[in-house]
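Accompanying notes for the structure given below.
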Amino acid sequence: MERCSRCHRLLLFLPLVLGLSAAPGWAGAPSVDVLRALRFPSLPDGVRRSKGVCPGDVAYRVARPAQLSAPTRQLFPGGFPKDFSLLTVVRTRPGLQAPLLTLYSAQGVQQLGLELGRPVRFLYEDQRGRPQASAQPIFRGLSLADGKWHHVAVAVKGQSVTLIVDCKKRVTRPLPRSVHPVLDTHGVVIFGAHILDDEVFEGDVQELLVVPGVQAAYQSCGQKDLECEREQRDGPQTQKPHRAQRSPKKEPARLHKPQSQEPQKQPTESLYYDYEPPYYDVMTTGTAPDYQYPTPGEEEGVLESSPLPFLEEEQTDLQVSPTADSFQAEEYGEGGTDSPAGFYDYTYGYGDDYREETELGPALSAETAHSGAVAHGPRGLKGEKGEPAVLEPGMFVEGPPGPEGPAGLAGPPGIQGNPGPVGDPGERGPPGRAGLPGSDGPPGPPGTSLMLPFRFGSSGGDKGPVVAAQEAQAQAILQQARLALRGPPGPMGYTGRPGPLGQPGSPGLKGESGDLGPQGPRGPQGLTGPPGKAGRRGRAGADGARGMPGEPGMKGDRGFDGLPGLPGEKGQRGDTGAQGLPGPPGEDGERGDDGEIGPRGLPGESGPRGLLGPKGPPGIPGPPGVRGMDGPHGPKGSLGPQGEPGPPGQQGTPGAQGLPGPQGAIGPHGEKGARGKPGLPGMPGSDGLPGHPGKEGPPGTKGNQGPSGPQGPLGYPGPRGVKGVDGIRGLKGHKGEKGEDGFPGFKGDIGVKGDRGEVGVPGSRGEDGPEGPKGRTGPTGDPGPTGLMGEKGKLGVPGLPGYPGRQGPKGSLGFPGFPGASGEKGARGLSGKSGPRGERGPTGPRGQRGPRGATGKSGAKGTSGGDGPHGPPGERGLPGPQGPNGFPGPKGPPGPAGKDGLPGHPGQRGEVGFQGKTGPPGPPGVVGPQGTAGESGPMGERGHSGPPGPPGEQGLPGTSGKEGTKGDPGPPGAPGKDGPAGLRGFPGERGLPGTAGGPGLKGNEGPAGPPGPAGSPGERGAAGSGGPIGPPGRPGPQGPPGAAGEKGVPGEKGPIGPTGRDGVQGPVGLPGPAGPPGVAGEDGDKGEVGDPGQKGTKGNKGEHGPPGPPGPIGPVGQPGAAGADGEPGARGPQGHFGAKGDEGTRGFNGPPGPIGLQGLPGPSGEKGETGDGGPMGPPGPPGPRGPAGPNGADGPQGSPGGVGNLGPPGEKGEPGESGSPGVQGEPGVKGPRGERGEKGESGQAGEAGPPGPKGPTGDNGPKGNPGPVGFPGDPGPPGEAGPRGQDGAKGDRGEDGEPGQPGSPGPTGENGPPGPLGKRGPAGTPGPEGRQGEKGAKGDPGAVGAPGKTGPVGPAGLAGKPGPDGLRGLPGSVGQQGRPGATGQAGPPGPVGPPGLPGLRGDAGAKGEKGHPGLIGLIGPTGEQGEKGDRGLPGPQGSPGQKGETGIPGASGPIGPGGPPGLPGPSGPKGAKGATGPAGPKGEKGVQGPPGHPGPPGEVIQPLPIQMPKKTRRSVDGSKLIQDEEAVPTGGAPGSPAGLEEIFGSLDSLREEIEQMRRPAGTQDSPARTCQDLKLCHPELPDGEYWVDPNQGCARDAFRVFCNFTAGGETCVTPRDDVTQFSYVDSEGSPVGVVQLTFLRLLSVSAHQDVSYPCSGVSQDGPLKLRGANEDELSPETSPYVKEFRDGCQTQQGRTVLEVRTPVLEQLPVLDASFADLGAPTRRGGVLLGPVCFMG
């Protein structure tokens, strides 16, 4: 029974196999058959049929020109599943690395892909760009490009992906995607190709499915193998196999060819397969033959077998269906177990090469299947058993089959079979009635043709094969998307043959809404339904007509506080109240007086070690140290560096003009120059086109609480309130401000002597006294500890040539140089003065014999005389050949400085020398060129106040000063003396440790310490054993010169190499050796006076002896004593360079030399490290008044404060400390001219300044517009003086004020003693602003001042007489509906809208003829619950139903917003005469009249009627105030009910308008300034699109933006979808103006924008340069505000995202972009701009 149970298990799997082989339906899941969706069965271009894995399977051969794609929405209409399985059976061309399936988003981003080859790549990217390119899973060690069939299953679940290959290898990799990943289904699905890649898939594919969930990937293995096993045993059929029977005999059966294809009636013996290796080599479980990738020619005849792992399990008895066609197994060649290249051909008895029946098997015996009778097997003939010949142990050779045996006995009848399949289709029925034509659908919006980069199948032609509804929909969408063109309908094709019976289909997609059916009978009345949900908030309706006055309502909420009433009459004194509860703690009091100085605290903890301080000033040269002992004589050094160029020789005559030399190489890139002056502002450019919409950014963090909103305008005064009940007596008020000094009292008695006062507050720092004499030199300090070794500094700029060093040891002879070009012959130089006598040269050859002289006259014979004098010298002989060069003579005195020679070629970089000691400071050089501006360092210590400088030149007249606060009048006191300096404050608390600083630059060496005693030389240690090779250390100091090496042979000159690329600018090289002498140049300009040379010793003039033979070099003599300085000798010839001398011991620092001549300008130094901030210095003297700064930005207005009750006047407090200046307020409206102010007190005497020139007379300012007429308010008592506000913006010049009273003259101060002129110190960094000094004593009256400026605006005057304007009338009732107006003219065309959504399905085509009725399909499995259908079209109007029962009252809805003002009503009755309006603006100043006569004595002013106390009494209902007739007459006055109603109506409408101003709603009629303001007013709003108007004013220029409240209230402006130029638009597509963007920048503190671009497989992508709105170049290399958010260029296809996040708001938005490698083959695609978001 064990074998039979396996049979049952196998039979249970077979129905699943049948379901799997038909496309959609892995175990019933809603899978997607990608091959069907891409129309593989219709064989598009590049696709043809081939044979699959198992016999009878159909695969598709894909060649290179195939281009297969479909919209993703068509395959996955309900969205792509989160966890899924991707299943495929595929065979690729060997060695191929190509994609199999790729899914792109609407923006062209690759979201999903499977790439086959070595290795296998799985690509995935969700909506948040995760995982990143570096984390994409790669399955290394797997190769699917071997030309064999492979079952591949990919299971994606959660954060991992598993690849299953051939049911054997299973590899899992992490997939770090988002928790809720989403893939965009608005793009396309592409088979076998990438958009940006040329590699395409070539090979065979039999199956490609996408199934939700991961179960299908794990269950596919067993089902696939069982399917192939069934094909092997049963032959190609779709009939369900019968239940297997147990055979009565256990004898293994042989595979025979059936006698007949018809089922035989007589009972026959059942056949059993027996898979034993000796008898049937095809089924061996050994090594299966390798799969060969057939050529196209052999494709039809060869069909590879697949591995059969299931044969290893057990032999299975399975009855063979008698209806199978001929099933043969033939061997070709020497195939089998030992032949790796064997092929097996399974042939079937079909007449056609290919028909659709290959998927279904041969024609089935429907009669047998339907009758339910037992199907008996045919009678078999028993064969003779062949005897296997044993060759070797365990090896068998199969013998030939024996002859057919006799027919066996009839087998027992089989058990009842399962019901057969559906029978053949019946005859064609009569055609049905034509259906009603469907109603036209609504026209769809234009479809998107974003990304369809591949060709699709050809259109038109004969009627194609039967396709599923999904394929038809795909074809329709693809045809529509193909450039949105539709050709004329083709001719009607022939009616196709009826197709074969198909497998049960998967549950279909949701159908479209059907036509409306006929109206059904009216149903019974339903039960009362539950109360519905609260409806959406309706739009505000128009105001209705004014209703009748209602009954008195409940007592309302407390109204707004009214203005303070008039002071009431004094009431009677109340009884003393009970002891009140202790009040809440009072507010913090004002700062008390400074306390006594406490005792000195304990010393604080030692702070952390500070950073290396700045270089100190050079110390005083120390005393000379003790001379050290002479060191041992060192070995001979190696070849020293090339010496400094010698002084040039005498000037040669100018040579002929040489030919122009060849063009030099491009020099290195110069340093960035100083920033130029800003250019003239350009004309404002036109608004650009909007850019592409960016991806939705990730939600940001919630921002900080924003500033308070602007203060609203003051409302109208409310109605006068009823007198309240006497309140509880308030707490004692705070001490008031100090009052003005009263009149001087009478002189008091002499008081008792007071106690000793407290120690006074340290006085301000006095002026520096005269400079004291220089102190004595202090003792030399102890040597400091050895400092830490600094890091190696950067290569410095080459210094100026140093002084000549001592003579060094002679270097070895260098290689001979290349012979130089022979120079032109120079002019003969002047004869040099005689040089010192050289050594005797070799004797020259004998001169030629001179010519014979003329025969002399014979003289008389003289007497023999004595030796006569020498005769005259004979003629000069010819010059002899040049003798060898003599030995170099002794070093001559240095000649005068020659002219500068030509610069030599740069030499090779020498080794790093020893670190030299710091010499004494040299004389100051000339002022060098201005270097680039360094970054501002931290604030240094505050320097001492310098002596007062001489008075400056006459300054320009300053701008008009702001009105100062009124000072307290102090008693005139004598000027006090400067107090002594205060004690030093205590050390502060230890600060928190600072962040670790970067590595500091190498510090300068400190001053030399006293030399230490010389140590005794140590013994030489033994040589250690060689250690392992360590890492390369830092370059050590220069070692002693090594022994001279042997001279190398110069190598042959190599061939000229190819021209290399321009190299990167190298570091500045050391001076090279002198080059060959160049052509003599023209006379240069006169050089500057050089430094005086060292005075040389006078040489002895040697005699000019004959050259002698060279003698041996003698030993080096001891140095002789220095001779006395001789007179300068004659100028000698230029001497040879001496060899480098030994390095001497360091001498003592000499005293500073005299100030030298101005040196050459040095190169600009590198930028120094930022210094530490110094402690705050003492407050300096007040500096001169600086120029007026620009007006600051408008600050936000504060929220309006409620009007408080009038408090009792407090005592005047001490003057408080000066507060920090407040935010600049908005410029106020020009107020009316104030009345003449009271005479101010005499101010402090200022220092006598130089009289300024008279300024030009300004124009009179424009007269202000009269303000709106306000309601007369009750005059309030004068309020307390508020804190001093920030100075407002400079207003227009007011009209000339009356001349002020001349001030009293003040005495001129004495001139102080002139201070000594100090040395000019370095410019210190400006110190922090000191605290405001204490108020000084009142000075003496100043000199007569110029006429004073216009005084401040005085307080508002008393209310004027009533004006003629009446009050606002009552709103009228609603008028009748007007007639519709005439049609207006057509407006201008609107802006281009954004691309629309994908279009709806197009109009239905012409209805074709009705086809033949198809076969009745099998009953499919029950589909899953479909999605809820779309809402149908509205049905016809039903008959009115009966009135239902009264429903349950619904919940009270939210109170709706106030509706807009209603239509103007009809004119009401004429209102009563209104109260007199306020006084108009003051008129212009008239001509001053003559003084009037003295007036009569004054009278008591009666209060105005509005100021008179009103006696009120409350009516019965409390809703009105009934006033006595003596107060105000009734009839429309403010006290009457009609007047109050009108006032309240006006107040309500005003309150709504003010509320909209205070809390804008972000709509087009009520736009906010920024999204930040909107978030502050409405923190509950979600992210979305709202209207903003940054420049306020009229709301017609408001634009729509995206508000990211999640990120704290960012205002995001979208770029326009246009590739020609970058511009920015609102959400409606309208361009955003430059002015609005400027205001948006002013209201923001930072901005950011993302820029992305696609790239393809480059390790170093060319940089993208961006141009900001202020023409700045932005890139990660040039700007610290540009970061690479994601670098996707390292992978095959990726996308690099740059993020520009800058506080320099003028840089954004980005206006242009360029690639450095534009035109490269790897540069594809464009730039995608994200929205620019401003953060307020």
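Cβ coordinates are placed from backbone N, Cα and C, and glycine is handled just like the others.
Swiss-Prot lists ASP1589, ASN1591, GLN1592, CYS1594, ASP1597 with the feature Ca(2+) binding site, giving similarity to another entry as the kind of evidence. DSSP classifies ASP1589 (Ca(2+) binding site) as coil under the three-state reduction.
Marked as compositional bias 'Pro residues' by Swiss-Prot: 615-624 (among others).
Per Swiss-Prot, compositional bias 'Low complexity' is recorded for 650-668 (among others).
Annotation comment: Swiss-Prot describes 765-774 (among others) as compositional bias 'Basic and acidic residues'.
Residues annotated as compositional bias 'Low complexity' in Swiss-Prot: 776-789 (among others).
The annotation compositional bias 'Low complexity' is assigned in Swiss-Prot to 842-861 (among others).
The compositional bias 'Gly residues' feature in Swiss-Prot is assigned to 994-1003 (among others).
Marked as compositional bias 'Pro residues' by Swiss-Prot: 1029-1040 (among others).
The compositional bias 'Low complexity' annotation in Swiss-Prot covers 1115-1133 (among others).
Residues or ranges marked as compositional bias 'Low complexity' in Swiss-Prot: 1188-1197 (among others).
Under the heading compositional bias 'Low complexity', Swiss-Prot lists 1217-1230 (among others).
Residues annotated as compositional bias 'Basic and acidic residues' in Swiss-Prot: 1232-1241 (among others).
Per Swiss-Prot, the feature compositional bias 'Low complexity' maps to 1376-1386 (among others).
The domain 'Collagen-like 2' annotation in Swiss-Prot covers 487-545.
Confidence over the domain 'Collagen-like 7' (1026-1055), given as mean pLDDT on the 0 to 100 scale, stands at 58. Per Swiss-Prot, domain 'Collagen-like 7' is recorded for 1026-1055.
The annotation domain 'Collagen-like 11' is assigned in Swiss-Prot to 1448-1499.
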Just to verify: the residue among ASN1591, GLN1592 with the fewest other Cβ atoms within 10 Å, which of the binding-site residues is it? GLN1592
Please report the three-state DSSP label of CYS1594 (Ca(2+) binding site). coil
Which one of these binding-site residues, ASP1589, ASP1597, has the sparsest Cβ neighbourhood, judged by other Cβ atoms within 10 angstroms? ASP1597
CB neighbours of CYS1594 (Ca(2+) binding site) within 10 A? 8
In the same chain, outside ASP1589, ASN1591, GLN1592, CYS1594, ASP1597, whose C-beta lies within 8 angstroms of the Cβ mean position for the Ca(2+) site? PRO1567, PRO1590, GLY1593, ALA1595, ARG1596, ALA1598, GLN1636
